[in-house]
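Enquirer: Let me begin by handing over the structure; questions about it come next.
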């Protein structure tokens, strides 16, 4: 009898796997909006793919990956034109595997981005595909990923490397938009609490967080000059650090000018401090990709444990480094925040094609938040009259996120001309450092736009 009941319980989940998003979480989560639950499931799809990509880089996986027919054939059997007899599969297989896994995820989200163009409400037949059929979608994503392992090498890796750089560049800008949105929401929340009571406590907290952000930025700046520059060289690093330092100072001063404060009461040093800290990270990330090893010491070399470049030591690639781990953490925060964000910032909502109705948990029970005839909690379909976010843009953002994580996990490396080792290249440096400049420019524009476009409503 127990076995029969167990089978019946499992069978009750089958409609959930094929139906709408809320059914997947109805037994373990409180009631919430359908729009948020769906985004969370897609985010967990992406995080699952990231976990698989990380496994591909684990020590010992090389032997397993080389068993895939035609995946990496070194020596005279190489499938890469012009490098017969040179390919080092021990170096290449982990790199190729991450590219294949991320290619599968990227194609899955790009396909849905195209399918969901101009979906206006949950009454659109395509909305059912977006919000349901999870088992089939998981199977499709898995099939695309497995199939990508059998794509012949040729120019695939090289072309996908440059596509990955472009996509990662765009995702870095999206990260900044979400960071500014988070800073505005944070600042607004604490200022509101200051006005409600105990103002000294909240003012001290706001000031402390701002001071810590600027202190971390200052320490980073000093460390950059000490370890990433030399008196007789590393001129590019000196220029990068100095330019970004001046740009961050300019943006911080602008944010507290009387004219800016009058038109943008919510702007302040908290937002500027977060943008400054993020810019310092992008600067550091760019310098860690410099091909000149004397200007790009590894973290282990800085702390005195290892002075050998991870990309050249006996052709053994150290995929996990400090800036990659920080980039992975930022990626996770960005994806999760984009799934549950409930912003009142109209400018950011327009940039992300989102309305301000996407709260994770509604205040109090809803009449239609329970499945009729049962006590199971169901999420509210809050998109019958109109979607609260652009389905197409959300999938496109996850497409860019797949490319960003692909570049982050592989440290923006690419094979050398003989496919013997992984090396850093200058295009990666320029993509990262230019993204830092554009990030500051975007932030400054959010400050001065109300003064320049006086006929526009920025409330």
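Numbering starts at 1 and runs along the chain as it is shown here.
Glycine is no exception: its Cβ is also placed from the backbone N, Cα and C atoms.
Note that the structure is a prediction, hence the values are computed from the model and not measured.
For 1-19, the entry in TrEMBL reads signal peptide. Among the features that TrEMBL reports, transmembrane segment is placed at 40-61, 97-117, 129-151, 157-180, 201-227, 239-257, 322-340, 393-413, 433-454.
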Enquirer: Report the listed stretch (97-117, 201-227, 239-257) having the maximum count of Cβ pairs within less than 8 Å of the transmembrane segment (157-180).
Expert: 97-117
Enquirer: Taking contact to mean three or more C-beta pairs under 8 angstroms, with sequence separation of 6 or more, is the transmembrane segment (239-257) in contact with the transmembrane segment (393-413)?
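Expert: Not in contact, no.
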Enquirer: Restricting to the same chain and to residues at least six past its boundaries, which positions have a Cβ under 8 Å from a Cβ of the transmembrane segment (97-117)?
Expert: 45-46, 49, 52-53, 56-57, 61, 65, 126, 129-130, 137, 140-142, 144-149, 151, 157, 160-161, 164, 167, 391-393, 395-396, 398-399, 402-403, 405-406, 409-410
Enquirer: Is it true that the transmembrane segment (393-413) and the transmembrane segment (40-61) have 3 or more Cβ pairs under 8 Å, skipping pairs fewer than 6 apart in sequence?
Expert: yes
Enquirer: Can you work out which residues elsewhere in the same chain, 6+ from the ends of the transmembrane segment (201-227), have a Cβ less than 8 Å from its Cβ atoms?
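Expert: Residues 187, 190-191, 193-194, 237-238, 241, 245, 248, 269-270, 273-274, 276-277, 280-281, 283-284, 287, 297, 302 contact the transmembrane segment (201-227) from elsewhere in the chain.
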Enquirer: Determine which residues of the chain contact the transmembrane segment (40-61) at the Cβ level, with the cut-off under 8 Å and only residues 6 or more beyond its ends counted.
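Expert: Contacts of the transmembrane segment (40-61) (Cβ under 8 Å, skipping residues fewer than 6 from its ends): 21, 24-25, 93-94, 97-98, 101-102, 104-105, 109, 134, 137-138, 141, 145, 319-320, 328, 331-332, 335-336, 338-340, 394-395, 398, 401-402, 405-406, 409.
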